[in-house]
Amino acid sequence: MTHIDWLVQTDPLVAEMVQREVQRQQQHLELIASENFTSPAVMAAQGTVLTNKYAEGLPGKRYYGGCEFVDEVEQLAIDRAKELFGAAHANVQPHSGAQANFAVFLALLNPGDTIMGMDLSHGGHLTHGSPVNVSGKWFNVVHYGVHPETERLDMDQVRDLARQHRPKLIICGYSAYPRVIPFAEFRQIADEVGAYLMADIAHIAGLVASGYHPNPVPLCDVVTTTTHKTLRGPRGGLILTRDEDLGKKLDKAVFPGTQGGPLEHVIAAKAVAFGEALKPEFKAYCGQVIRNAQALAAGLQARQLRLVSGGTDNHLMLIDLRSVNLTGKEADRLMGEIHITTNKNTIPFDPASPFVTSGLRLGTPALTTRGFTEVEFAEVAEIISDRLHAPEDEAIKNRCRERVAALCAQFPLYPHLQFPQPVLA
């Protein structure tokens, strides 16, 4: 019996829910920039007996017996992560990117210390000091942003704020910034004011690993990332550093500082994903992600849709929907009606609330995994533009949905995931 057979036999209700999600992923175009499709091997690793094993501590230094084989798995993940990013030390245990960031804060900061991070509305992340997040409640937060004219990082502002506030930690790396991050310039500023420098590369980790974005590991004191998104692994976190002594502090901040037992089945999946990312095929994939983003951006701009900062250097872009008199909330709904999955997003200096927004964030990693090239993304740009420019036209909506269905059929996803029909009798 396969794992699907076991699920159907034991809990057909859950199986039916999973089946519907499989069908949604297969029949929709995934353009959420933070999402991707893992390989069957990554998914298989997460479904192994490693889920049964407690393994508090680190390889060779556990608090439980019977860890000799999970030690091998975790050490392999560590070694591959170090090789992939050129790091001296890696911790593969964080359950998420947020957990990785919290561990760094515990290792380097005390409550009340000053940190600097990008404003969430300009493309930052909740864990970089947003007032609704614990990082914004425990620390004195100074936010920087983008220049109002270029919509690119305002490094003069970053330097001035750092000199004025003397932060203990400066965070660079973002969730909705479509341009290359100048890590070297951040390093100069951090050195000038005596601050630690942390890069959160959750969105661009795959591009960094494959050489399509500058690597922050040689320049930053610590680097955090998720292991999904452009890295195309399981949902999880990772901490990297070039400093072995700092690495020991970071290890203690993960366990026992912020977590208990690691998820060894997920760590096994991380090891598989890192192994995949070390292969030439992954570099080719990331190059296609970039080319597809350029094609999508060009197609949208050719149809009078304004992009924040005028385009993209990486895998994502932001449409300023004020050019078509729509909100992000409205555009997200319009896309959903034609089976394109996106997310509303604030844009710099957004006049709308975070629950409404004036932007729509798009990314190319997931559809690139399905096999899309510049040709298909040119068509995707047409479909998006047609829908946004004529939101009330039912004929256009139906035609867009038909084109989406044809693209999905042309590039099937997970054809091996076969469920009995129907799951629920």
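Glycine is treated like the rest: Cβ placed from N, Cα and C.
Source: prediction; values computed, not measured.
The (6S)-5,6,7,8-tetrahydrofolate binding site annotation in Swiss-Prot covers L120, G124, H125, L126, S353, P354, F355, and the record cites sequence analysis as its basis. Annotation comment: Swiss-Prot describes H228 as site 'Plays an important role in substrate specificity'. Sequence annotations record features per position, and here Swiss-Prot assigns N6-(pyridoxal phosphate)lysine to K229 based on sequence analysis.
Separation of the C-alpha atoms of H228 (site 'Plays an important role in substrate specificity') and S353 ((6S)-5,6,7,8-tetrahydrofolate binding site): 28 Å, rounded to the nearest whole number. Other Cβ atoms within 10 Å of the Cβ of S353 ((6S)-5,6,7,8-tetrahydrofolate binding site) number 11 in total over all chains. Under the three-state DSSP scheme, H125 ((6S)-5,6,7,8-tetrahydrofolate binding site) falls in the coil class. The maximal spread of the (6S)-5,6,7,8-tetrahydrofolate binding site, taken as the longest Cα to Cα distance among L120, G124, H125, L126, S353, P354, F355, is 16 Å. Ranking the binding-site residues L120, L126 by C-beta neighbours within 10 Å puts L120 at the top. Closest to K229 (N6-(pyridoxal phosphate)lysine) by Cα-Cα distance, out of the binding-site residues H125, L126, S353, P354, is H125. Neighbour list (P354 ((6S)-5,6,7,8-tetrahydrofolate binding site), Cβ cut-off 8 Å, at least 6 residues apart, same chain): L120, S121, T346. If you count neighbouring Cβ atoms within 10 Å for each of the recorded positions H125, H228, the highest count belongs to H228. Within the same chain, residues at least six positions away from G124 ((6S)-5,6,7,8-tetrahydrofolate binding site) with a Cβ under 8 Å of its Cβ are G117, M118, S130, H143, Y174, S175.
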